[in-house]
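Inspection log for the structure reproduced underneath, given as structure tokens.
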Amino acid sequence: MADSGASTPLPLGRKFSFGVGHVLNDLCASMWFTYLLIFYHKVIGMNNVLAGTLLLIGQVADAVATPLVGYESDRINGFCNYGKRKSWHLIGCICVAVSFSFIFSPVVGRDPMYYSLPSDSTTLQYLVYYAPFIVIFQFGWASTQISHLSLIPSLTTCQHDKVGLNSIRYAFTVISNLTVYLLTWYLLSMDSNDGAATQDNLAFIVIGTGVVFCIVFHVGTKEQSIELDNDLSTSIRTKMYVMCWLKTPQFYMVALLYMCTRLIVNLSQVYLSMYLTETLSLTKTYIAIVPLVIYISGFLVTFPLKLMSKKFGKKKTYVLGLLFVSGASVWFYWLKASVSVDHYLVMAAGALNGIGGSTILVLSLSLPLT
């Protein structure tokens, strides 16, 4: 039987315009996880507890916003007949673009030297100033991500096109992450001692680039009519109700496995920059070089991953990925700070971490948990 959507494949231009719709999110997420702590601690001068608290506020806001946006984006039929998914995507892009530059900038109207000696009063000012921007950013990030993914069934019913759309989306995710690390490497290698200016420049480049791709997405992506989308959503909902999911043990097993996998990958990304500068006392350019090595090695391992899973099985391949991550963690633990530290050993440990992290992340949602 022929695929119901095979008769009208999506044009390449439509696929491209959809694929770039998540670039702003990808660029900002790369900066958020890799450089937020080191920016607040090293550049702004926050204490460790406050910097970690702001990061935690962001993650909690994301956890709360994601299901709420998902529910509301299904319930509300968009604004001014613009399309329910594109409306939420536009709102998300605006929130991200407006808030992100404030997150990676010193407090407006204050000399950074004013905060060089943190006190209870400055700690409160930090919290009051940065927390609202972080919450707005996370709400916008969730809105953009959910609306972008939920557009795929609205754009095509052809399985081949759906795979193609996800592939293009992932390709631009890779490009976005590489762009952030390469830009950081370039800006830091300019030998500027003004960390705030470097982060300002990086944030503005990220926002400007992301906004351009958001415009391309909104101009080139056509969302189908509300009636057709509602019919499709209704037909999908009738297949399995929410309570059915909550009664399925595999639902919790997959959620727990993915959560633990995400913790492994995200924690190593969040604390890597602090480890490189505080523990190993490496120069600032390595907070761009080592993440770049990790990401490239993780990307390259995805190519033979399908063959490895087929030959050894997904569970054994996942365990192999865990061994790589564990080995990298032990390697990082035993590296000592000294002027003679072998930089190649640091990058080798990073490559090991990237290979293992990418392996477990890719397989975490496809393991047979029966």
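Glycine is no exception: its Cβ is also placed from the backbone N, Cα and C atoms.
Record features (TrEMBL):
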type: TRANSMEM; residues: 20-40; note: transmembrane segment
type: TRANSMEM; residues: 88-107; note: transmembrane segment
type: TRANSMEM; residues: 127-149; note: transmembrane segment
type: TRANSMEM; residues: 170-189; note: transmembrane segment
type: TRANSMEM; residues: 201-220; note: transmembrane segment
type: TRANSMEM; residues: 241-265; note: transmembrane segment
type: TRANSMEM; residues: 285-305; note: transmembrane segment
type: TRANSMEM; residues: 317-334; note: transmembrane segment
type: TRANSMEM; residues: 346-367; note: transmembrane segment
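Here the listed stretches are 20-40, 88-107, 170-189, 285-305, and the one with the most C-beta pairs under 8 angstroms to the transmembrane segment (127-149) is 88-107. The recorded stretches the transmembrane segment (170-189) and the transmembrane segment (241-265) do not share 3+ CB pairs below 8 A when only pairs 6 or more apart in sequence are counted, and are therefore not in contact. Three or more CB pairs closer than 8 A are found between the transmembrane segment (201-220) and the transmembrane segment (20-40), so contact between the two stretches is assigned (pairs 6 or more residues apart).
The stretch from 20-40, 88-107, 241-265, 346-367 that makes the most Cβ contacts under 8 Å with the transmembrane segment (285-305) is 346-367. When Cβ distances are compared across the two stretches, the transmembrane segment (241-265) makes contact with the transmembrane segment (346-367), since 3 or more pairs at least 6 residues apart fall below 8 angstroms.
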